[in-house]
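Report on the structure given below.
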Amino acid sequence: MTVKATAVSGRNPSGRSAGIIALDIIIAILAIEALYYAFFINEDKMLQGATGVIAGLLIVVWLAFKWRPRWKSASKAAVITRLVMIDEEGERLKEWYIDGETSLLIGKSSSRSDVDVDLSDAEYASIISLQHAVLNHSKGIWYLEDLDSTNGVGLRKYNNSVITRIDNEQSYRIDSGDLIVIANTRLLVK
């Protein structure tokens, strides 16, 4: 079976969902209203000064976080060369070299189908679908997609401690250091 590379769909160019963008807009409106009150309705100079300092600090912090992930993501995207199956203690169990590949089917090989990343011998193989997920490489970036699997696919970004379940048939960018969870089987992106 040939798996074709797919583009990121269902998200805006920044990779944020519509709900997050709406929440950002609501926060911005509330912040503007608070600043309007502090500087135009309120006459207390001490409150105006404190509000100005806090607003300035928040802008600096926001700019620092806004630009930091882009620098890391851009440098990490080019170095992905392998997937490493690890146990719960982080010990290496199996490894796949993916440098030069364009698409990799993740699941379990059977007499009917063959996969590129075979998890048949994983501890949780019984809950892994035959065609569980796919990794696609496009324009120097790897994307992960759940193929409507029964037990789902999780993704923990390298700079986060939370594993997020990804939506079916939506592409998610992966970077070096990310952890892909295929029905409790852990694949470290290196």
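Think of each number as a place in line: the chain as shown, counted from 1.
The backbone N, Cα and C atoms fix where each Cβ goes, and this holds for glycine too.
Here is what TrEMBL says about this protein:
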{"type": "DOMAIN", "residues": "104-153", "note": "domain 'FHA'"}
{"type": "TRANSMEM", "residues": "20-40", "note": "transmembrane segment"}
{"type": "TRANSMEM", "residues": "46-65", "note": "transmembrane segment"}
What residues in the same chain, six or more past the boundaries of the transmembrane segment (20-40), come closer than 8 Å to it by Cβ-Cβ distance? 12, 47-48, 51-52, 55
Do any residues of this chain, six or more beyond the ends of the transmembrane segment (46-65), have a C-beta under 8 angstroms from a C-beta of it, and if so which? 31, 34-35, 38-39
Reported mean pLDDT - the domain 'FHA' (104-153): 94
Per DSSP, the domain 'FHA' (104-153) contains 3 helix, 21 strand, 26 coil
